[in-house]
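Data first, discussion second: the structure below is written as structure tokens.
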Amino acid sequence: MRVVITGGGTGGHLKVADSLIEEYSNRGIKPIFIGSVNGQDKQWFENDKRLKKAFFLDTKGVVNKKGFGKIKSLFAILKAMNKCFDIFDKYDVGTVISVGGFSAAPATFASIFTFGCKLYIHEQNSVMGRLNQITSKFASEVFSSFDPNSVVKDYPVSSEFFDNARIRDQFRTIIFLGGSQGAHAINNFALKTASKLNSMGIKIIHQTGSSDFERVQEEYKKLGIQADVFAFTKELSKKMNEADFAVSRAGASTLWELCANSLPTLFVPYPYAAKDHQYTNAKFLEEKDLCYICRENDLSEDFLMEVLKKDNFKLSKRLVDSIHCNGVESIVHYILSKS
Ligand SMILES: CC(=O)N[C@H]1[C@@H](OP(=O)(O)OP(=O)(O)OC[C@H]2O[C@@H](n3ccc(=O)[nH]c3=O)[C@H](O)[C@@H]2O)O[C@H](CO)[C@@H](O)[C@@H]1O
């Protein structure tokens, strides 16, 4: 029986899907991917040789829509669900793994209504997304790194972040990270503090997101600072390896990758994330003395300088035990053992 991996929309969901696909592929199994034509799904998985097949269905988010827009989105999900029934039938699908996001809705609901088909959910965040809240009641298992009762606690971080890890005992390079789409507020903060960092002899690495890339690059030029600026990189683990400290959004995948990399981080959670989940993601670590948090509105050069003075060598060492490298292996092993 085949396995379907479904979900996406943004990098955080897609990175987990990618880790699962890689693990199945290492075991000689080719999963089917079901995502959406909207969002970043196609960029990640169209023509992916590790997959038996990839389907991109016409679906959009429902949660942020109102009135007629909501009805239209729900209707699109129902139509796509029908397509999923055909796919399940044709490929004899027995397991569906949802990584959440609007792309996951059709295949997740279809799995609930398909006799003998098991549903597994990976919830990335500390607060459950709307779709997972509804569908988790029907799931055979929900995996979450923020839930102490989860059968697998380690987040499915790619091995490259562990391979590129190191204990930081000096402060020579800083990295600014905005998540898969970049973060305007972090970009502005980096530019504001760049001169001070430059005067301290600190090298700057900066991921801007595509919409802000040209502006930020131009501003560094005006400041006369030679920073390593890019919109998005496929080699983030290597960039993290070069850095001794990070200032980052608190999207779940980035957060656990920074832990895997043992990179001390000041998290600046996206203030408009659903139910403030980026703040609670970071809070989970802060309560264990594993990071710093600053609300976007309180962000200042003085605050950054304060945290840079702290014992980040010890923090880097503590991060080694915060996550183990076999998260994805354990999840796939668990699912296969139940089928
Ligand atoms: C605004 C918002 O609601 N964002 C959500 C979205 O974030 P977002 O899509 O930003 O997700 P994350 O920060 O969790 O992950 C981003 C992923 O993109 C990768 N990457 C990023 C930059 C780069 O240059 N190269 C690269 O490969 C990172 O390695 C990481 O794996 O999904 C996450 C997981 O559900 C949530 O926790 C976030 O709250």
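Glycine too: its Cβ is placed from the backbone N, Cα and C atoms.
Note: TrEMBL annotation is automatic and uncurated.
Together with T10, G11, G12, S180, Q278, TrEMBL lists one candidate of N82, N125 for binding UDP-N-acetyl-alpha-D-glucosamine, that being N125.
Within 8 A of the CB centroid of the UDP-N-acetyl-alpha-D-glucosamine site residues T10, G11, G12, N125, S180, Q278, the other residues of that chain are H13, Q124, G179, G251, A252, S253, T254.
The Cβ neighbour count for Q278 (UDP-N-acetyl-alpha-D-glucosamine binding site), using a 10 Å radius over every protein chain in view, is 27.
For G12 (UDP-N-acetyl-alpha-D-glucosamine binding site), the same-chain residues 6+ apart in sequence whose C-beta sits under 8 angstroms from its C-beta are Q124, G179, S180, G251, A252, S253, T254. In terms of DSSP secondary structure, the domain 'Glycosyl transferase family 28 C-terminal' (173-317) contains 77 helix, 22 strand, 46 coil. All chains included, 21 other C-beta atoms sit within 10 angstroms of the C-beta of G11 (UDP-N-acetyl-alpha-D-glucosamine binding site).
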